[in-house]
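One structure is given here, and the rest of the page talks about it.
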């Protein structure tokens, strides 16, 4: 969408501040491909993707950070998974632009690094199937999402009964959803909805103890660091996508 | 006006009247019970007109919904057996082969009602983030197909509808109508002026018919300009308002109407190779009309005209009884189904403004 600032310096956050809430139901202007095959990933990952190639022959995005905020998780994960394409989606204009400028600056300061991360401004509640094929993603992240406290706004929450079907659609079997929040009520809401959904199964501590990503969820994002500064609690819930029990029972 | 032709019965609803025509052309008017409401909440002024009609495949049940959120179910002998109050206005209803009634509401949610048990709570099957415009269930009963204002066609498993089988993507505007051919090819009509044909389990578009091809450039321009002036909507193609499909062997007839065009375009579709050829069009005398396709094409304005298909031509046929009956109710006729609701989005661009200010900031350094 945008070009980075011509300088190679990191963007300053003060130019990109924006209120924390966005109405996901409004008809904002978004650029999105009509189908995943029409998506031009080359412009987002120029060193990882071959231009003009069939998307099927290229490496595909496998990790998606929904509501990536200022991009802290992307930058942390980049060196941990150098061969995996990682995408952040953020709905707010200025915040997503900050992440794009930040990645561009990091790439110019550290040649051949940070080539596997990118950010797109989009509404994940509406356009996931436009970007990703069925079962394409391995990991989905929901870090410190907007709690939308008011009851009337609960339908705007990024995790809800009906949207989970779309997340299950883009996730491969065995794919993982990570959620973390400092709002206890929202944590219970997310864990409850995911537990009730037949395509997701909660992962226990034993399963998670070798996952190097877990500790990063507490500290890598700007939102997480703010909670730490305020001595707030953080609640984690991690779920795995399983095959449909309806077919297992009937076949 | 709402029309349903199913199991050799023709159902016509205008305002709050419901008529059913038997193949013998006899008709009867059905009783529509008033809502059973607690007394304090009778304050709804949104009208009480019938909005949807559907029949079960085995013709055991017919259900209707109304603007005042009633869901009424009739049995085989046309007696009302259920009178349910819906939480939201229904946009589309259909019976699954197991006779569960599916109700797509204004919010984009689909609820399943068991019509055999009184007061049974409905089950939420699935939800779209925007209004569901049409919904069908596959004859095998394994898939629900829904389409919405956001250009999407969603194929969900049934009854495990939390599991999405596929999305059929490609339409560039709201999707208004779905139809399954006998060979399981899905047809979809859209605000982008096209009808598309799909392998819906693979999400693969097989062919496309551009229904604007037959519209004169000057007429197209005029309507587009009017929409731009009156509604601030910018389009280049006229939306498909109604698509009726009639299938005989490999030959499928499509009857299509477009927004503000008083014509019905007839196409022939070969259901095997999905090649489409234009047959003819019929001029309609009035701007507002309804139509439906059985073995004949019937056009309803304030009277009824019938046409027979004859190779590449259409012949006017008499349909005196239908005409006489419907003319009797002409004060109640309201052809609102001719696309009175357009589902275009009001787009507000908040990006360009931001980028302009950013450019200024960077240049002033």
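Glycine residues also receive a Cβ, built from the backbone N, Cα and C atoms like all the rest.
Residues or ranges marked as region 'Disordered' in TrEMBL: A:1-21.
Taken from TrEMBL, the feature compositional bias 'Polar residues' covers A:1-11.
Look at residue A:91 (S-adenosyl-L-methionine binding site): DSSP puts it in coil. Annotation source TrEMBL lists S-adenosyl-L-methionine binding site at A:67, A:90, A:91, A:123, A:124, A:143, A:221, A:222, A:223.
Taken from TrEMBL, the feature active site applies to A:146. Cβ neighbours within 10 Å of residue A:146 (active site), excluding its own Cβ and spanning all shown chains: 18. DSSP assigns residue A:146 (active site) to coil, not to a helix or a strand.
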Neighbourhood of residue A:67 (S-adenosyl-L-methionine binding site) by C-beta distance under 8 A, where only residues 6 or more apart in the same chain count:
A:89, A:90, A:91, A:124, A:142, A:143, A:145, A:146, A:158
Sequence gap of 6 or more, Cβ distance under 8 Å: name the residues on the same chain that satisfy this around residue A:223 (S-adenosyl-L-methionine binding site), in order along the sequence.
A:69, A:72, A:143, A:144
Using a 10 Å cut-off, grab the number of neighbouring Cβ atoms around the Cβ of residue A:91 (S-adenosyl-L-methionine binding site), all chains included.
23
Recorded S-adenosyl-L-methionine site residues A:67, A:90, A:91, A:123, A:124, A:143, A:221, A:222, A:223, farthest C-alpha pair in Å:
21
